[in-house]
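Q: What TrEMBL shows for this protein is this:
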- 1-28: signal peptide (SIGNAL)
- 28-53: region 'Disordered' (REGION)
- 34-53: compositional bias 'Basic and acidic residues' (COMPBIAS)
- 103-261: domain 'Histidine kinase/HSP90-like ATPase' (DOMAIN)
- Glu110, Asn114, Asp156, Met161, Asn169, 175-177, 200-205, Thr251, Arg447: ATP binding site (BINDING)
- 296-321: region 'Disordered' (REGION)
- 301-321: compositional bias 'Basic and acidic residues' (COMPBIAS)
Amino acid sequence: MRQRYIILAFFILISLGLLSSLVPPVQAQAGDSDPTKVKEATGGDKVGSKTDDKVVEREEQAIKLDGLNAAQVKELRDKAEKFAFQAEVDRMMKLIINSLYKNKEIFLRELISNASDALDKIRFMSLTNKEVLDATPELSIKIKADKEDKTLRVIDTGIGMTKEDLVKNLGTIAKSGTSEFLTKLSEVQSTTESSDLIGQFGVGFYSSFLVADRVTVITKHNDDKQYIWESDANSFSVTEDPRGNTLKRGTEIILHMKEEGLDWLEPSSLRDLIVKYSQFINFPIYVWESRTETVEEAQDKDEKKEKKDEDATVEEEKDKSEPKKVEKTVWDWRLVNENKPIWTRKPADIKDEEYNQFFKSFTKASEDPLAKSHFVAEGEVTFKSILFVPKTADFDAWSNYGKKTDNIKMYVRRVFITDNFEEMMPKYLSFIKGIVDSDDLPLNVSRETLQQHKLLKVIKKKLVRKALDMIKKIEPEQYKQFWKEYSTNIKVGIIDDAANRTRLSKLLLFWSSHDSKEQVSLADYVSRMKEKQDNIYFMSGQSRKEVENSPFVEKLLKRGYEVLYLLEPIDQYAIQSLPEFEGKKFQNAAKDGIQIGEETAEVKERKEALTKEFEPLTKWLQETALKDKIEKAQISDRLASSPCALVASQYGWDAAMDRVMRAQAYQKAQDPSQVHFSSQKKILEINPRHPLIKELKRRAADQPDDKSTRSWPPSCTRLPPCAAATFWRTPPASLSVSSRCSACRSACRNLRASRRTSKTNRCRLLPPVRKRARPTRSRMRSRPMM
């Protein structure tokens, strides 16, 4: 019996051996791991670690396509038609990495832009032929990252490409003469020259090689079969897709990412890039993302059977209880670009709430804008734009003046290009925020800088005018807030922007003698000007009180002329840059050459008589008393109650400008320009109607060399009230001036009051005011009889 079992077992083993020899070996499926180990190089050439010959083959097989195993992919590559790039690859990659692109993240922007162009083409064709959308009516862009395969896919349902298109569009970098073009590009130095050369050098697709070492393109055109294009940046191949039509229509780009590009396989990183560069694309952009959902847990049959065996009362309680819920990870396509570009819509169809929401979304502001302007510009270049004025200025507006360039964002066909544009807006309008979008604006290869600077100048010119028109249309009450925040910007614009100086002048506001509570515009001033008044009078100072009490405006105010008060340091700079307003010239009340009212023959005759009468005094002051200290002495037309005043020449610095220039933080110690203007002699104007001047005239004629006579004029080169105080300190008998002179009493009273309230404005010539003690009876008795 035992022998039978042994013989039976022997025959079974023989049968199994025969069966194993008849069964063919099973092929390895795509994704199976190969157990072959890499051999170590323990000797030989010192070229780093070596691998066996099959490693390269396995690396190629690792790059696989959906539905094809590794062997099929290898066979596909072997049968593919090989092509060589038209241009030198090394020089092309160097151009892309070093010359054209500033950061690698723009690869996604370029691929999305190309996908959008393909969708635009098929949509345009569908307007005349709806059958082109029969394969799939969907027009979208989908982006999917696979961390395991280290791939990133960009899929669109656009027009697709034929085999000829693949070779033509993805096989050549530029038109004929690429080598010559690259040579010239390496020779040029300036950005302008390079922009002229690279105008038609379309290599946006090749930015893929910044983050990928191999790129696969699968595409299906309505007029051709589905093809596969593949390249490692050295050469490319094109072959028919053995899977047939899997895309229906469109293009799928697969990037096999480098190690340094793996960060962009995170869905959050992809979303950030899309929001930054492509959120206003016309077509929906989806990203393959996971989300967590709470679902009811499905019960197994065994669990249900166990429940039936339980007690009836327990079953009743279980039925009443809620089913068990669990969290489940679900993968799905998620829309990214939910914000649609409102600037492409008609302004009449957009509500204020939509504008406000859009402003807050792209500026990250918390308040609504103060003003907005939505317009379409046509001409040499057509573009759409929305501009906003924020309610409050940035806290670092002046500490970073001229450095901020991200307030105007440039889009081309809803694709974000850059916000680093110094040429887009002048510095003084850097607070304006907005977008500019053009469909026909030419780009250079990197889309980082625009190609034709002439068009940029046209855009800038129109943007500035639209911005100024927008500011001009702000309501009066809101304009007060605008002026509080941005008045310095407008004044800087008056200085810097000669082309728009007239427009900017209509936005200016100044304090005025007409109104002590509200600032006035130049247009308001002109509307109130007297008949035959040709000048706009202004006076500079540190405060309204200082300017109102200035001797330079005495006669102007007395005759009812309105005077603008320039209380900020930049005001006089702005007025000097503004020659006139509506045909009226500006006249500084503190400078020589002022003319108050119309100069009739009678006025002219009276002035000539006074000049002749006081000629001895003016000559004595100029040649003797104040020699080398003043330019000249003359009769004044502007003084009413003050005895004299020092005025600047027509092209010199007045006291306010001199103070501003001396306070400059970056001034040089011995700046020739400043030394020249600050050392200029002033003009001494005297008031011929003042009793002190009349007395000085008499003393200069009778006692020109008297010490008391010659001691007064040097003190007169100080502030005029101080000169009046000097006279007041002098015993009345010495100058024979009535102590009841109202002008002198007024001057001294003002100075004494200022001495009590402010130590900084103390007049060094005025003695302290002391109350005389009433004499006691004992002192009165001891006083000798006169």
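Placement of Cβ uses the backbone N, Cα and C atoms for every residue, glycine included.
Unlike curated entries, TrEMBL annotations are predicted automatically.
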Q: Taking every protein chain shown into account, which of the binding-site residues Asn169, Thr251 has the largest tally of Cβ atoms within 10 Å of its Cβ?
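A: When each Cβ's neighbours within 10 Å are tallied, Thr251 leads.
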Q: Of these binding-site residues, Glu110, Asp156, which scores lowest on Cβ atoms within 10 Å?
A: Glu110
Q: Over the domain 'Histidine kinase/HSP90-like ATPase' (103-261), what is the model's average pLDDT?
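A: 81, rounded to a whole number.
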Q: Return the count of C-beta atoms lying within 10 angstroms of the C-beta of Gly204 (ATP binding site), excluding that atom itself.
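A: I get 22 for this one.
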Q: Should Asn169 (ATP binding site) be counted as helix, strand, or coil on the basis of DSSP?
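A: Looking at the DSSP assignment, Asn169 (ATP binding site) belongs to a helix.
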